[in-house]
Amino acid sequence: MTTAPFLFPSLSRLHSARASSFPKPPVGSGAGVAFPARPYGSSLRLRSSVMAATGVGGNGSPMAPEESTVSSRLGEVKRVTKETNVHVKINLDGTGVANSSTGIPFLDHMLDQLASHGLFDVYVKATGDTHIDDHHSNEDIALAIGTALLQALGDRKGINRFGHFTAPLDEAAVEVILDLSGRPHLSCGLSIPTERVGTYDTQLVEHFFQSLVNTSGMTLHIRQLAGNNSHHIIEATFKAFARALRQATEYDLRRQGTIPSSKGVLSRS
């Protein structure tokens with residue numbers, strides 16, 4: 001678990017020396033949260049999506065992207081339903097700082113892995129009907145994270161697009177292959193031997209990734225190579241996913257800002 005202080009300067013302070021394309025956070029969305037930028041070459045110009053919030057029943061839809069010289073790729077989504085209230089912020093160009101409070105302790109632990117091993121800054125605050133079970137919160141958190149990823153990626157110019165990583169954890173080993181293609185698909189080959197890890201229903205692992213895939217538009221293959229400890233299998237999965245996603249979202253300098261597709265476009269449509 002990351003132990004560094006989780007400090008978020010305001011957006012105006014973070015970009016005081018330059019004009020920012022980001023509006024102030026909407027009223028009622030909580031305190032403004034910004035992530036420290038990780039610098040790139042001066043010739044690299046990104047398109048950053050404007051942070052968006054959703055109403056009841058939505059998954060979070062990013063507004064049209066605007067030209068920006070801001071290095072960090074940020075996504076923010078607020079998803080509110082009768083079952084859950086979820087607020088997600090993600091910085092693809094972060095330093096691995098996590099601040100998660102989902103009401104599901106084991107999921108908080110897994111989101112720490114996503115941040116730490118992906119070097120993403122991840123902020124997730126959620127409340128929900130966990131007195132029934134964790135299903136709704138688990139699903140809606142994943143839907144919001146997927147939408148925030150989609151938003152932060154923008155038009156995906158210059159990224160590697162593909163990621164592949166195998167992570168071991170003691171006797172467990174899990175392989176993850178992904179493509180930020182805009183085409184949602186999940187193949188999940190996990191064999192988790194117990195029904196629960198702590199209070200967490202292990203059936204929710206596959207459902208988490210299916211929900212994330214649906215809104216992010218990625219193709220994701222998960223294959224368990226070894227393992228007989230449920231905690232180790234799930235944690236190895238999140239670690240491998242984090243490293244594969246980091247690889248896919250990082251920049252290929254040889255592309256010089258071009259879209260990594262022979263079609264010339266990567267989108268959900």
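Using N, Cα and C of the backbone, Cβ positions are placed for all residues, glycine too.
Marked as substrate binding site by Swiss-Prot on the basis of similarity to another entry: GLU83, 109-117, 135-139, ARG161, ARG183, 231-239, 261-263. Per Swiss-Prot, the feature Mn(2+) 1 binding site maps to HIS109, HIS136, HIS231, GLU235; the stated evidence is similarity to another entry. If you look up Swiss-Prot, you'll see HIS135, GLU139, HIS207, HIS232 marked as Mn(2+) 2 binding site, on the strength of similarity to another entry. The transit peptide feature in Swiss-Prot is assigned to 1-51.
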In the structure shown, which of the binding-site residues SER116, SER137 has the fewest other Cβ atoms within 10 Å?
SER116
Inter-residue C-alpha distance, ILE234 (substrate binding site) and HIS109 (Mn(2+) 1 binding site) (nearest angstrom):
11
Quick check for the class: what is the C-alpha distance, in angstrom and rounded, between HIS207 (Mn(2+) 2 binding site) and HIS136 (Mn(2+) 1 binding site)?
10
Do me a favour and check the Cα-Cα span between SER137 (substrate binding site) and HIS109 (Mn(2+) 1 binding site); whole Å is fine.
15
Can you name the residues of this chain that are 6 or more positions from HIS135 (Mn(2+) 2 binding site) yet have a C-beta less than 8 Å from its C-beta?
ASP201, LEU204, HIS207
Of GLU83, ASP112, ARG183, HIS232, PHE238, which binding-site residues are close to HIS136 (Mn(2+) 1 binding site), meaning a Cα within 10 Å of its Cα?
GLU83
With ASP112 (substrate binding site) as the reference Cα, tell me which of the binding-site residues GLU139, HIS231, HIS232, GLU235 is the closest one.
GLU235
Just give me the nearest neighbour of SER116 (substrate binding site) among the binding-site residues GLU139, HIS231, GLU235, Cα to Cα.
GLU235
Between C-alpha atoms, which of these binding-site residues comes nearest to GLU83 (substrate binding site): HIS109, GLU139, HIS231, HIS232, GLU235?
GLU139
Between the Cα atoms of GLU139 (Mn(2+) 2 binding site) and ARG183 (substrate binding site), what distance do you get, rounded to the nearest Å?
19
Quick check on the binding-site residues: of HIS207, HIS231, HIS232, whose CB has the lowest count of neighbouring CB atoms inside 10 Å?
HIS207
Nearest of the binding-site residues to HIS232 (Mn(2+) 2 binding site) by CA-CA distance, picking from HIS109, ARG183, PHE238?
PHE238
HIS109 (Mn(2+) 1 binding site) versus ARG183 (substrate binding site) - Cα distance in angstrom:
28
